[in-house]
Ligand SMILES: O=C(O)C1=C[C@@H](OP(=O)(O)O)[C@@H](O)[C@H](O)C1
Ligand SMILES: C=C(OP(=O)(O)O)C(=O)O
């Protein structure tokens with residue numbers, strides 16, 4: 001059922017649920033890339049089926065790489081590092097992982113490739129990736145000279161060699177280069193300058209590459225040496241999405257209830273699982289098994305200062321939880337929220353303020369003071385085309401009557417069934 005233009009959230013008390021979340025966006029889109037480069041068929045199970053993976057699949061098909069989908073299983077006919085199409089114009093909408101990963105992948109081909117997205121994507125930087133590709137011998141440019149998409153790659157294979165990557169804005173550039181690099185003509189050495197955000201995503205990339213048979217030598221997050229190599233086609237099971245799990249754990253924290261997420265656990269490679277630890281620091285009871293994690297709200301949420309540089313997609317979730325803490329919550333080291341689906345720091349301040357919260361915003365931090373009184377009447381929350389604004393603010397609606405989410409359909413980027421799952425978190 002399509003979602004209406006606005007959606008009123010129904011408050012819930014003491015949720016008690018055992019749920020699984022959709023497949024990880026980050027792992028689905030990485031596995032699609034390594035499977036596309038491997039020789040032969042890879043079967044990826046538990047994939048995310050949502051806009052961000054759909055645009056990736058459509059793009060791979062346009063490049064001549066077949067992907068068959070049955071439910072959440074995707075079978076990719078890898079082309080052994082070849083990119084069959086000689087030209088393509090790819091619309092990656094608002095998917096950062098897709099446009100970054102594919103910009104590096106098409107460099108392995110021969111021909112002219114244009115990669116573009118929606119209006120907001122045309123404001124999201126990609127120049128640092130283009131500069132590193134240029135240093136590796138690729139003709140890759142920002143078509144409108146904005147440092148943002150559309151990107152044009154005039155590909156003639158990836159010569160390889162050494163490049164310095166400015167790492168300060170996004171880890172996705174590094175992940176993109178690493179995954180394509182085994183198919184360069186000579187080994188690739190990448191040195192990262194600046195302080196890389198979102199570091200666990202780089203570990204995830206290296207783990208996935210190793211799972212597909214290519215080991216990278218590294219010196220921390222500074223230097224990476226990628227040998228010439230080949231991925232081996234394989235069956236691969238995608239974990240549940242830890243960012244998606246975050247909303248459900250937060251629902252337990254906020255309602256004094258209990259939620260077990262059955263497909264994100266202690267063995268997960270996703271750094272975003274640490275949100276459960278932050279909720280534990282705030283006062284929740286959290287228990288882990290290898291494959292699942294249960295958060296129990298205790299009725300008390302402490303404030304504090306939390307550095308979310310390694311999992312900034314959880315910042316909006318934590319900022320909404322903060323409304324109901326007993327002291328202010330400061331979230332630090334999250335500058336790059338400003339270049340995501342929207343400027344998330346400004347968006348948070350604007351929408352939290354509508355609920356009546358006192359909010360302070362700095363260049364790379366935000367402080368949310370606890371709500372002293374619920375808002376009077378309904379409050380319509382703007383979501384700025386950002387799935388995480390919609391999902392995080394829906395959590396406020398579990399506690400406050402009258403929260404209305406504008407453009408709820410934007411959750412389709414990574415969690416199309418979010419509102420159904422949320423509404424089903426009833427006490428058993
Ligand atoms: O590599 C990935 O899969 C991602 C890395 C992070 O981006 P940045 O590295 O740009 O912070 C994260 O916010 C994004 O949702 C997914
Ligand atoms: C930042 C995000 O996505 P991306 O950069 O992949 O568009 C996100 O999903 O919150």
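First residue shown is number 1, and so on along the chain.
A Cβ is built for glycine as well, from the same backbone N, Cα and C atoms used for every other residue.
Heads up, TrEMBL stuff is auto-annotated, nobody curated it.
Lifted from TrEMBL, the feature list:
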type: DOMAIN; residues: 11-422; note: domain 'Enolpyruvate transferase'
type: BINDING; residues: 25, 96, 124, 172, 344, 388, 413; note: phosphoenolpyruvate binding site
type: BINDING; residues: 25, 26, 30, 170, 171, 172, 198, 313, 336, 340; note: 3-phosphoshikimate binding site
type: ACT_SITE; residues: 313; note: active site, proton acceptor
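Structural mapping of features recorded in TrEMBL.
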residue : record                           : Cβ contacts under 8 Å, 6 or more apart
25      : phosphoenolpyruvate binding site : 48, 50, 52, 53, 97, 241, 243, 414
30      : 3-phosphoshikimate binding site  : 97, 101, 175, 179, 204, 205, 208
124     : phosphoenolpyruvate binding site : 96, 117, 148, 149, 339, 340
171     : 3-phosphoshikimate binding site  : 196, 197, 198, 199, 201, 202
172     : phosphoenolpyruvate binding site : 96, 97, 100, 101, 129, 198, 201
336     : 3-phosphoshikimate binding site  : 169, 170, 197, 198, 312
344     : phosphoenolpyruvate binding site : 315, 316, 337, 338, 386, 388, 389
413     : phosphoenolpyruvate binding site : 50, 51, 52, 94, 95, 341, 387
| Which number gives the other C-beta atoms within 10 angstroms of the C-beta of residue 96 (phosphoenolpyruvate binding site), all protein chains shown included? | 20
| task | Across all the protein chains here, work out how many other Cβ atoms are within 10 Å of the Cβ of residue 313 (active site, proton acceptor). | result | 27
| query | What is the number of other Cβ atoms found within 10 Å of the Cβ of residue 388 (phosphoenolpyruvate binding site)? | reply | 30
| message | Filtering 96, 171, 198, 336, 344 (binding-site residues) by proximity to ligand 2: which pass a Cβ cutoff of under 6 Å to any of its atoms? | response | 96
| query | Which binding-site residues out of 30, 171, 172, 336, 388 lie by ligand 1, going by a Cβ under 6 Å? | reply | 171, 172, 336
| note | Cβ atoms other than its own within 10 Å of the Cβ of residue 198 (3-phosphoshikimate binding site), all chains, total 22
